[in-house]
């Protein structure tokens, strides 16, 4: 199972004009700690972190028609249509000066996955799956108190159920292509990042 660097060198290329991006999908249930680990990867390995959720929330704040629709769907625990999220991701990749991207919280389902590859022409170099038990995710979400309206116990459980039903087929699809790097995310942040570093660092180089 090679590193991300090796996977990227095999040519997981996209067709976004003027770009030849390396894309790593980052998946995990709500509260799995993937956002924290993405920040660590950005700092140590120079990736740009694109959170599908953050892009959607920014669209909500913008007050656009899309934003209102997104807000209503999130409240109901539904998944936002693929084309909306893909358009936001494409725009973010196009506008960035970087060519290495972590896409966090997307694809959320098989339809997302197929649409992303068809629309952008990008197949991910790898897929990071932060695996964490539901009880631990619940504990983390309820204690972090970030004022997000989708962080109450009922919605958390709904989001976890949606994640299991929708995202696991995506993980299985990429696992069959040997692209999934499964990480035990129930451990302390520092221990989880040690595992992440081993995935991202080239074999002949040790990450700091």
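Glycine residues also receive a Cβ, built from the backbone N, Cα and C atoms like all the rest.
Just so you know, TrEMBL annotations never went through curation; they're auto-generated.
Record features (TrEMBL):
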BINDING   31, 32, 33, 34, 35, 36, 144, 187  ATP binding site
BINDING   57, 78, 79, 80, 105, 106, 107, 108, 148, 159  ribonucleoside 5'-phosphate binding site
BINDING   112  CMP binding site
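Comparing the Cα of residue 36 (ATP binding site) with the Cα of every entry in 57, 79, 105, 107, these being the binding-site residues, the smallest distance points to 105. For residue 31 (ATP binding site), the nearest neighbour among the listed binding-site residues (57, 79, 105, 107, 112), judged by C-alpha distance, is 105.
The distance from the Cα of residue 34 (ATP binding site) to the Cα of residue 112 (CMP binding site) comes to 19 Å. Neighbour density at the Cβ, taken as the number of other Cβ atoms within 10 Å, is lowest among the binding-site residues 32, 36, 112 for 36. Residue 57 (ribonucleoside 5'-phosphate binding site) has 35 as its nearest neighbour among the binding-site residues 32, 33, 35, 112, 187, going by CA to CA distance. Closest to residue 35 (ATP binding site) in space, going by CA atoms and restricting to the binding-site residues 79, 105, 107, 112, is 105. Shown in sequence order, 73, 108, 109, 112, 162, 166 are the residues of the chain, 6+ apart in sequence, with a C-beta less than 8 angstroms from the C-beta of residue 79 (ribonucleoside 5'-phosphate binding site).
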